[in-house]
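Undergrad: There's a structure below that I have some questions on.
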Amino acid sequence: MALLIAGPTASGKSALALRLAETCNGVVINTDSMQLYRDLHVLTARPTQEEEHQAPHVLFGSVDGRINYSVALWLDQARIALDEAQGQGRMPIFVGGTGLYFKALTQGLSDIPSVPDSIRADLRRHAEGCSTPELHRELAARDPEMAARLKPNDSQRILRALEVFVATGQSLAAFQNARSAPLLTMSEVLAVFLAPDRADLNRRIDRRFDTMLEQGALQEVERLGARGLDPSLPVMRAHGVPHLLRALRGEISLAEAADRGKLDTRHYAKRQFTFARHQLPDFAWRTPEEAETFFLSKLQRM
């Protein structure tokens with residue numbers, strides 16, 4: 001048995017996971033692609049040292065920012081964390097905002113081959129001179145099945161599909177259709193997607209961004225920028241990072257950077273709702289206030 005807590009950013013997932021871990025002798029397992037990176041503690045709202053002392057937390061801040069981490073790498077680490085928790089007689093509690101990680105955990109993972117760096121670099125240079133609709137038309141000419149699955153403005157996924165096709169000569173769809181066995185089936189978990197009121201969530205997002213700035217997010221981003229990492233790396237594209245780097249370079253004001261960071265985060269939260277609705281159909285939607293009662297009542301009946 002394991003507990004799964006998904007949900008949009010700033011919805012109270014981490015606090016709920018900590019309360020459940022204290023109640024159920026649990027281990028909190030990070031299921032958020034940005035909280036993996038040790039470079040961004042404040043800006044990703046990772047658990048504090050005090051919170052980590054209250055209950056075991058694993059896979060938080062465990063990856064260097066220069067690593068282009070993948071869902072496959074996370075799944076390997078999640079398997080180890082799950083085995084260790086169960087071996088210790090503890091309740092595994094997976095918590096985070098990365099829907100793709102939860103999908104891989106409960107539905108299996110497509111075995112997509114890695115793309116050589118040379119091909120990735122060539123295609124990214126090519127993409128710089130093209131609009132996203134043009135890239136989508138190019139994908140449609142090469143891989144019509146995958147192009148039909150993607151929106152014409154989804155630049156990141158279009159480029160990924162092109163990379164796989166150029167590297168393998170096969171459609172990304174073919175790899176996606178062949179999935180490995182899931183690490184946990186839905187019959188082995190209690191899974192919730194936290195669904196707070198949207199207006200309240202937006203206010204929480206804005207307040208939290210201001211709080212993170214007060215707690216040193218700008219200085220954290222300055223240290224990250226000083227590393228000279230490739231701007232295409234995931235850690236360099238975390239919400240708020242590009243705008244705060246521009247503020248540090250004097251290109252925009254800090255106030256404008258904060259406003260843009262908040263807007264990006266609100267848009268991301270909207271996408272998290274959409275992903276869960278379509279890709280995590282078996283997760284129970286509950287408000288943050290309802291979720292703890294849901295878990296505890298279910299556990300008491302088992």
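Every residue, even glycine, has its Cβ placed from backbone N, Cα and C.
Source: prediction; values computed, not measured.
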Undergrad: According to Swiss-Prot, which stretch among 32-35, 108-111, 260-263 corresponds to the feature region 'Interaction with substrate tRNA'?
TA: 32-35
Undergrad: When Swiss-Prot marks a stretch as region 'Interaction with substrate tRNA', which of 156-160, 246-250, 276-280 is it?
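TA: Per Swiss-Prot, the stretch marked region 'Interaction with substrate tRNA' is 156-160.
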Undergrad: So which other residues, same chain and not among T9, A10, S11, G12, K13, S14, have a Cβ within 8 Å of the centroid of the Cβ atoms at the substrate site?
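TA: Residues close to the substrate site, other than T9, A10, S11, G12, K13, S14: G7, P8, A15, A45, G97, L194, R204, P288.
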Undergrad: Around the Cβ of T98 (site 'Interaction with substrate tRNA'), how many other Cβ atoms lie within 10 Å? Please give the count over every shown protein chain.
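TA: Within a 10 Å radius of the Cβ of T98 (site 'Interaction with substrate tRNA') lie 20 other Cβ atoms.
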Undergrad: Per DSSP, what is the helix/strand/coil residue tally across the region 'Interaction with substrate tRNA' (156-160)?
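TA: For the region 'Interaction with substrate tRNA' (156-160), the helix, strand and coil counts are 5 helix, 0 strand, 0 coil.
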Undergrad: Restricting to the region 'Interaction with substrate tRNA' (156-160), report the mean pLDDT as a whole number.
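TA: For the region 'Interaction with substrate tRNA' (156-160), the model's average pLDDT rounds to 93.
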